[in-house]
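Structure, as structure tokens:
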């Protein structure tokens with residue numbers, strides 16, 4: 001029986017291994033992590049991450065050919081194929097601080113693999129890593145090999161949170177990069193055979209190591225670039241009276257462009273986009289490609305500009321101050337159908353409002369009070385370290401109250417801002433919300449999910465990103 005072990009039981013490792021176990025009943029899959037609480041959660045009815053369809057997959061396989069364990073060395077030693085899916089945070093100090101990936105966890109995983117291995121292994125990069133990481137890992141393993149042969153493969157994940165299980169069942173492509181040697185090609189074929197049990201062969205792409213590593217960074221950079229492009233247009237639409245939804249619809253009808261990732265919003269978030277672009281920028285700078293680096297930096301600058309613009313618009317609309325005012329925040333996750341808050345635009349928007357001394361009442365159907373308080377008190381990039389290595393959350397931010405329904409959040413509020421496009425926000429009873437708010441009552445829609453005209457008929461002053469401005473808002477321009 002082929003044995004697979006995945007080091008790291010997070011958003012990538014857990015779902016990916018669960019689907020491999022489901023689709024390959026003859027393969028034994030172990031997911032290992034040093035975090036006892038995380039492994040305990042994977043073995044319980046309350047999984048540590050929310051992802052539609054994940055529960056069913058895990059329950060079908062757990063205890064049969066899918067195991068979650070803290071016995072890291074035992075399972076690594078027994079495995080034929082080892083997936084490494086550990087955190088690769090952005091460095092906060094030293095060479096490349098603020099841009100380069102910190103490979104500390106990757107290196108310690110490689111050294112541990114070398115220490116405990118007794119037979120030949122295929123080691124697969126699953127985390128998003130900078131180009132040439134495989135080469136560094138290869139050096140660590142070969143210099144500590146004790147006669148054991150290791151083949152390094154790059155197999156980046158292209159999951160979108162909220163649809164991860166469907167993405168794994170029906171991937172656009174599976175990318176496997178390896179060495180162009182007989183041993184390297186044999187390793188590629190071994191991994192290809194695992195995926196080929198459910199993925200059509202023409203969707204499994206085999207490349208060299210560097211192409212596979214760079215393809216992942218490039219894919220995320222291209223997606224983020226589309227969001228920043230439409231968000232840049234949204235600012236111009238507001239200035240000219242155009243409607244960004246109509247513009248993006250017209251643009252997206254061009255088959256060369258297509259309609260995906262053209263929704264204007266308060267900004268992109270998630271664990272990958274910003275981190276991967278910063279990584280790309282650093283690689284470009286290291287290779288003397290300053291113009292290329294500056295091009296990609298601009299994608300992040302526009303994203304930051306969009307979040308700042310949103311906060312400025314809110315404050316300017318409410319008589320240029322939110323000090324002491326209750327503001328309802330609907331949605332904290334970076335997008336709907338996930339509880340993930342990593343790099344969510346809500347953090348920067350909330351911090352901007354808190355900076356003007358607002359009192360926030362936050363509701364998100366999938367994010368806990370503890371997580372929200374932790375996010376609002378953490379330093380930049382701290383989120384990407386394993387939980388037990390993150391700074392302990394200090395006493396919660398005093399002006400933040402986390403509640404468990406939208407009506408409680410909006411009661412007595414001066415303004416409501418929608419920061420996640422949860423479906424339930426489209427069907428709220430806005431008349432009830434209006435009646436219980438301070439007047440004038442404002443709605444700032446950061447995801448364009450509400451019917452602005454209906455809300456105006458109720459009595460709200462509405463700001464929707466990239467839409468023609470309310471007369472009230474024209475009188476109070478936001479100074480960016």
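The backbone N, Cα and C atoms fix where each Cβ goes, glycine too.
Here TrEMBL flags 272 as active site, nucleophile.
Taken from TrEMBL, the feature NAD(+) binding site covers 8-13, 33, 38, 86-90, 127-128, 161, 272-275, 342.
Look at TrEMBL and you will find 328-452 tagged as domain 'UDP-glucose/GDP-mannose dehydrogenase C-terminal'.
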Largest tally of Cβ atoms lying within 10 Å of a Cβ, found at which of the binding-site residues 87, 90, 274: 274
Residue 272 (active site, nucleophile) to residue 11 (NAD(+) binding site), Cα to Cα, whole Å, comes out at 12
Return the residues near residue 11 (NAD(+) binding site) by Cβ distance under 8 Å, restricted to its own chain and a separation of at least 6 in sequence. 49, 51, 159, 161, 164, 271, 340
Mean pLDDT for the domain 'UDP-glucose/GDP-mannose dehydrogenase C-terminal' (328-452), as a whole number? 90
Can you give me the same-chain residues 6 or more apart in sequence from residue 33 (NAD(+) binding site) with a CB-CB distance under 8 Å? 7, 8, 9, 10, 13, 39, 68, 70, 72
CB contacts for residue 8 (NAD(+) binding site) [other CB atoms within 10 A, all chains]: 25
One finds that other Cβ atoms within 10 Å of the Cβ of residue 161 (NAD(+) binding site) number exactly 24
